[in-house]
Amino acid sequence: MPQLGLLPRRAWAALLSQLLRPPCASCTRAVRCHSQGTRDLSPQQMVVREKILDLVVSCFKRHGAKGMDTPAFELKEMLTEKYGEDSGLMYDLKDQGGELLSLRYDLTVPFARYLAMNKVKKMKRYHVGKVWRRESPTIVQGRYREFCQCDFDIAGQFDPMIPDAECLKIMCEILNGLQLGDFLIKVNDRRIVDGMFAVCGVPESKFRTICSSIDKLDKMAWKDVRHEMVAKKGLAPEVADRIGDYVRCHGGESLVKQMFQDPRLSQNKQALEGLGDLKLLFEYLTLFGIAKKISFDLSLARGLDYYTGVIYEAVLLHTPTQAGEEPLSVGSVAAGGRYDGLVGMFDPKGHKVPCVGLSIGVERIFNIVEQRMKTFGEKVRTTETQVLVATPHKNFLHERLKLIAELWDAGIKAEMLYKNNPKLLTQLHYCESTGIPLVVIVGEQELKEGVVKIRSVASREEVAIKRENLVAEIQKRLSES
């Protein structure tokens, strides 16, 4: 399968134009198909999505995670003030009985609520589920109002940076497994971000709102972010300029060492704690063999309020075709970080459970994989049917029903056409069009001789076998294919 990072520039342009197109752009119906920011998935799309989810979940399980689920909606009071400026994007449900409810905005806050409510102090879990955000439904870079998240989290008190390093290793395993092309994982620490704000002169009351602005640097140019901080949020221009000096810095472990020597940042206790953890993190990432995929990036802020330590975000890179060109980022496909205080916000006594986790951007990845398949003309089977039970003669429905029941009872995936007297050519065409590899044929002659024929759709070879050996022969052929 071709890798995304190896696509030519013209193919990239076509792919990105598809991603930027709003849903139902080609729909000519007078009535809108469905709510903006949502979409239906065809059987072909579901096959692609399920393959992506299977790969992601198998990686989570390989690392010892247990599956869990939470309700699609929560008490509104449980969700408010957990997301900072993004709280305004929550979907509130109409009061129908005294409870004010909201659809879940992510899978992290419900997980923290679950830990506090059940007094769980240690857990490694994964969760795949839909979340809802009242964002502008432009579908830029795979953004929807309803979308699927795949989360992995480690809760509990452990030695520093060991769980955090494993989360980054999981990200690398999944992105390598999906073969999306070259990627980079940006890391930072919220304590470094806050320390940077402090030494630059940002008032503490503006930390979170300025953090939200910095988080937009992957979507907006620095001059636009600077304008927002100064004109809209009242930050002094010279303070914004000092922040600008830092957020342009990115590199590897050497940059961590360099920041230890920074005359301003090295005077801030919070920043030094964050830098110390990042130094240890890079040691573990080197041992995992993934340090080259990680970049310490001071522009990474992660706007959600609940992050307290290490934060990270994975982006895909367009491999340049011209020497000396900068890699072209095509958007975030995974993100996460440490949130040590969130569980305590739900606990009546404020007991904290340190947590770190990651979320895989399924919608973004799905869009990219789908477009890649279209670019290269790859076809998808929408069913897993292994055998079609067929007949060349009339009045053989009862025999087909008995045969297919025997196959189903043996765990074999089988189909038959829902007609009393289907034509054999129609049945064979159905196999070819749907990718069914084997046909079991029963007719008058076969019934007299106590045999059935097994036909290979690909080679068109037929062989007669005893009726009682049918299941064993099919299972043998399927195991060899």
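Each residue's number is its place along the chain shown, starting with 1.
Glycine is no exception: its Cβ is also placed from the backbone N, Cα and C atoms.
Automated prediction, rather than curation, is the source of TrEMBL annotations.
Record features, source TrEMBL:
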- Asp106, Leu107, Thr108, Arg133, Gln149, Asp153, Arg302, Tyr306, Tyr307: L-histidine binding site (BINDING)
- 36-392: domain 'Aminoacyl-transfer RNA synthetases class-II family profile' (DOMAIN)
- 1-27: signal peptide (SIGNAL)
Counting all other Cβ atoms within 10 Å across every protein chain shown, which of the binding-site residues Thr108, Gln149 scores highest?
Thr108
Within the chain of Tyr307 (L-histidine binding site), which residues six or more apart in sequence place their C-beta under 8 angstroms from its C-beta?
Arg190, Gly337, Arg338, Tyr339
Taking only the residues the record lists as binding L-histidine, namely Asp106, Leu107, Thr108, Arg133, Gln149, Asp153, Arg302, Tyr306, Tyr307, what is the largest Cα to Cα distance between any two of them, in Å to the nearest whole number?
21
Average pLDDT across the domain 'Aminoacyl-transfer RNA synthetases class-II family profile' (36-392)?
90
Inside 10 Å of the Cβ of Arg302 (L-histidine binding site), count up the other Cβ atoms and send me the figure.
21
